[in-house]
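What TrEMBL annotates here:
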{"type": "TRANSMEM", "residues": "12-34", "note": "transmembrane segment"}
{"type": "TRANSMEM", "residues": "94-112", "note": "transmembrane segment"}
{"type": "TRANSMEM", "residues": "144-161", "note": "transmembrane segment"}
{"type": "TRANSMEM", "residues": "173-190", "note": "transmembrane segment"}
{"type": "TRANSMEM", "residues": "196-219", "note": "transmembrane segment"}
{"type": "TRANSMEM", "residues": "240-260", "note": "transmembrane segment"}
{"type": "DOMAIN", "residues": "263-334", "note": "domain 'DUF1736'"}
{"type": "TRANSMEM", "residues": "325-344", "note": "transmembrane segment"}
{"type": "TRANSMEM", "residues": "351-375", "note": "transmembrane segment"}
{"type": "TRANSMEM", "residues": "381-397", "note": "transmembrane segment"}
{"type": "REPEAT", "residues": "450-483", "note": "repeat 'TPR'"}
Amino acid sequence: LLEKMADVSLKEAALIVGVVAACYWNSLFCGFVFDDVSAILDNKDLHPSTPLKNLFQNDFWGTPMSEERSHKSYRPLTVLTFRLNYLFSELNAVSYHFLNLVFHVVVCVVFLKVCKLFLDNRSSVVASLLFAVHPIHTEAVTGVVGRAELLSSIFFLAAFLSYTKSKGPDNTIVWTPIAVTVFLVAVATLCKEQGITVVGICCVYEVFIAQGYTLPVLLDTAVQILRGKGSIPFSMLQTLLKLIVLMFSTLLLVVVRVQVIQSQLPVFTRFDNPAAVSPSPARQLTFSYLLPVNAWLLLNPSELCCDWTMGTIPLVESLLDVRNVATLTFFCFLGSLIVFSLRYPGDSSKTVLMALCLIVLPFIPASNLFFPVGFVVAERVLYVPSMGFCILVAHGWKKLSNKSVLRKISWVCLAAVLFTHALKTLHRNWDWESEYTLFMSALKVNKNNAKLWNNVGHALENEKNFERALQFFIQATQVQPDDIGAHMNVGRTYKNLNKTKEAEESYMIAKSLMPQVI
């Protein structure tokens, strides 16, 4: 039955291709911006003259993994696809953007296949279309570096689909799909690190969906065994065996990955992620507040920004901060969904549970909760979590559209959401056209990030427009007075304008801010 259900018809695939093309055709006119510069323009690993083995020794930006300054993001397979682009068209941006578009289509189609395991046909198409047009994905699809997300997602979903075939007739174990899953997880992780989280999703799927346990049943069995009254049922032993094999192979992957980063965590500055270096409770409160911020971006992607570092989100320093209400509301809502999905048997709670897993598990590496990362909020890391979000929305929509009173209005709302999201995506793509357009659009959303003022200044400086560049650099020093780089930018621009006295003053300020040499 599942096999028949999960096939994607040609009509559905064509619909998705059409919708993605309509939303993203203008991304082909964009250049290389922001992180693309260091990952593509300045990356020697793309050149045919560089030996292939270097790809597997260097990080995503072409720095050897063994070096202190390496970011430790090990994604050789993504770099390999950049290299293929380079072979075809050297540094012509169109081919890079086109390949990203193709990968996004593939993700949408595979995602539709996954949806059909948990939703009916119509809702699956709705979820897939919502995913295809969601504006939060512009950073992953239109920013060339976002390809890491796209590739990782393809193998992430493929690994999960393979795992769903591991249960044979009469609950026997079919080992081939499990081996394929482990291989695909490894490939996904070589595209981007969070690919490994699909293992957690497979485990939850195995216990609660394939075997159909609920939390009360599991607790009951555990209590019986601990009291010495019953033995573990055979089907549970089989499930355990599968999970142990999965866990063990994942552990191997993690060990290899830690060897690769040579057991050092990357070093980030306090500008990249101010909360990571704050004292408790500010650190915990801010990191917790970032979760509702991300959820809000999925719900209302109207204010998108390419860079959320520095002063974009002021720290939450006390328990009396109003923003803690958002955090509390978020956790209450999430908690109630988790309780609903784990306590009650039935298809609805299974769908909600899988949607929650897709939201929560892939987001954990980027959440700052276990180890600090080099950003505060990043839209590209919401690419996979938004899949779970789209399943939840489609599931809720199905429930509403089944009620005769709400049928018409639910269709109207759905059409409105799809249309406005598609328009927003199309509009947002133009922001990625050049560095200047990208950072100017970011300044509309947040004016407290000195990095953005500096970057607009750099873009203008590259066009030899020093007078205007100066205004942006000076603004950066006002937003973040202790940013040494901003003062140096001001000094350099004064020098370019032949105002040596002012240049000297700025350089002296920068020098006074530098840490004293011991």
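From the backbone N, Cα and C atoms, a Cβ is placed for every residue, glycine too.
Automated prediction, rather than curation, is the source of TrEMBL annotations.
Highest Cβ pair count under 8 Å relative to the transmembrane segment (12-34), across stretches 94-112, 173-190, 240-260, 351-375: 94-112. Note on the transmembrane segment (196-219): residues 156-157, 159-160, 163-164, 167, 181, 185, 188-189, 235-236, 239, 242-243, 246-247, 250, 253-254, 257, 342-345, 350, 353-354, 357-358, 361-362, 364-365 of its chain, located 6 or more positions outside it, place their CB under 8 angstroms from a CB of the stretch. Against the transmembrane segment (381-397), the recorded stretches 94-112, 144-161, 351-375 differ in Cβ pairs under 8 Å, and the greatest number is found for 351-375. Taking DSSP states H, G and I as helix and E and B as strand, the repeat 'TPR' (450-483) has 27 helix, 0 strand, 7 coil. Across the candidate stretches 94-112, 144-161, 173-190, 325-344, 351-375, the maximum count of CB pairs under 8 A to the transmembrane segment (240-260) is reached by 173-190.
Panel annotation: around the transmembrane segment (173-190), residues 74-77, 151-156, 158-160, 162-167, 196, 198-199, 202, 238, 241-242, 245-246, 249-250, 253, 257 of the same chain, lying at least six beyond its termini, place a Cβ under 8 Å from a Cβ of the stretch.
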